[in-house]
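The next block holds one structure in the form of structure tokens; read it before the comments.
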Amino acid sequence: MRTRPLPSLALLLLCGGCAGWQSALDPQGPSAQALGQLLHGFVLVLAAIWLAVLVVLAVALRRRSRATPQAADRHAGIAVGTACVATVLVITGLTLASYVTTRVISAGAEAPLVVRVRALQWWWEVTYPGEAGPDVVTANEIRIPAGRPVRIELSAADVIHSFWVPNLAGKQDLIPGRDNVLTLTARRPGQYRGQCAEFCGMQHAHMAFMVIAEPPEAFAAWRAAQQADSAAPAGAEEAFGRQVFEQKPCGACHTVRGTEARGTNGPDLTHLASRATLAAGMLPMTRGALAAWIADPQTIKPGNNMPMVPLTPAELQAVSAWLATLR
Amino acid sequence: MDRVGGWKDGVVLAVVLPALVLLGGCRLEDRETRPDPPVAQALGQVALMPNGIGGSPPEVYAALGRPYRESAFHLSQGKRLYEWFGCQACHADGQGGSGPSLIDGWWNYGPDLPTLYTTIHDGRPGGMPAFRDRMTRDQIWQLAAYVQAMGAYTGSLAAPGRSDRPQTRPAENRLPAASAPLR
Ligand SMILES: [Cu+2]
């Protein structure tokens, strides 16, 4: 038979959708891998059954006219009997496979890194309880050492959310008043995108986060840097920015360690500029984006929990200049 | 066959048409997260009596269709602002603390919108801080409308969203205070 390059090429193109930084079909850790295998297993078995049913149907249609009534009855009996037995076998098999996978992915790990993740409308608070030193609190970005299991303790502040990093693990809900746990490991360094996977209100679609897996030494260095207080203002403009931040309502909602600002309604901004994005993946972390966000958060992310605070152009400039230096 | 078809058509008409009509109700209320700058500017022009109590709202308020007290969106925003800007620290959920109660029907200054706006914007000598540097005018209107809705004596079709946490007092969408007194 002559091969048809074009259609097969088109199919290959589709496979491009399988890889990427947010894809359950491109597992980068044992948990996601187990789920991927389960998924492939289900697809194979169910596709085989579908094909078999179609073949049997075709044969039956072709032979229908030739059978005598008695033979037809007998055939129907055999067909129904076989189908029942096959159904029981297949369902038992799939249930077992699913049970085993669940056991594998929910098994704890030896000496994991503990990270607490609290979901709020519409961002993620990430805490690393102090291992030699103060707690590290950050937002919308979870750094982990590659190769080491991470025990993620999940809680929610307001409504139900769901934690999902498709490349690393399955979904796990965050439920107010209940503590859930998810263990995941990233096999190699890389950036994996995560997303809230349970509708939680107006900005649910803009509740993303990044998991950044790094070599263990890089992770340790990052953690040590995050434990430090915020950098001192570099110049006069930055110093004025910090003063504005402390005097305006910003400090009532945000914490910047090393300043008067100790609020807890919004993300900790102590090392804001070390993160890659702003407002749970809405904007890139640049000085311009910072100014745009502070000037009018409700137009950029309508309904979110940060109000617009009136600032003069000079104040806005200075605050964003200062925040952009908080590495 | 024909008669059965006709009967079916009737059912389709009876079910689908009303459903289509109902769909009209799905229109989302307009939510203006930020007024145009000239409107925002004009929202500050409250004409008050010399004693700082009572007065008339800015002209633009009527031109906007008196949105703040009649829109659930603005009232909900007001409710969020009440928490965000720390009113609870002194007024609790309306019952009062170091600041006076806002739901007992007794007003030192008054429950009309221009007075409430001025109370929040400029503060009051007995210890109420001024919020003019912390909030936009639009936000102060939303908050004033919410404060008015908290202890309202007359019914209204618009109410802010229900609190997710346990209520410490009757909800804002209860009967007006006059028929079911608040504590
Ligand atoms: Cu969500």
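Every residue gets a Cβ built from N, Cα and C, even glycine.
Here's what TrEMBL has on this protein:
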type: DOMAIN; residues: A:110-225; note: domain 'Cytochrome oxidase subunit II copper A binding'
type: DOMAIN; residues: A:236-327; note: domain 'Cytochrome c'
type: SIGNAL; residues: A:1-24; note: signal peptide
type: TRANSMEM; residues: A:34-57; note: transmembrane segment
type: TRANSMEM; residues: A:78-100; note: transmembrane segment
Please give the average pLDDT for the domain 'Cytochrome oxidase subunit II copper A binding' (A:110-225) in this predicted model. 94
Based on DSSP, tally up the residues of the domain 'Cytochrome c' (A:236-327) by helix, strand and coil. 44 helix, 6 strand, 42 coil
I'd like the per-state residue tally for the domain 'Cytochrome oxidase subunit II copper A binding' (A:110-225) from DSSP, helix first, then strand, then coil. 13 helix, 58 strand, 45 coil
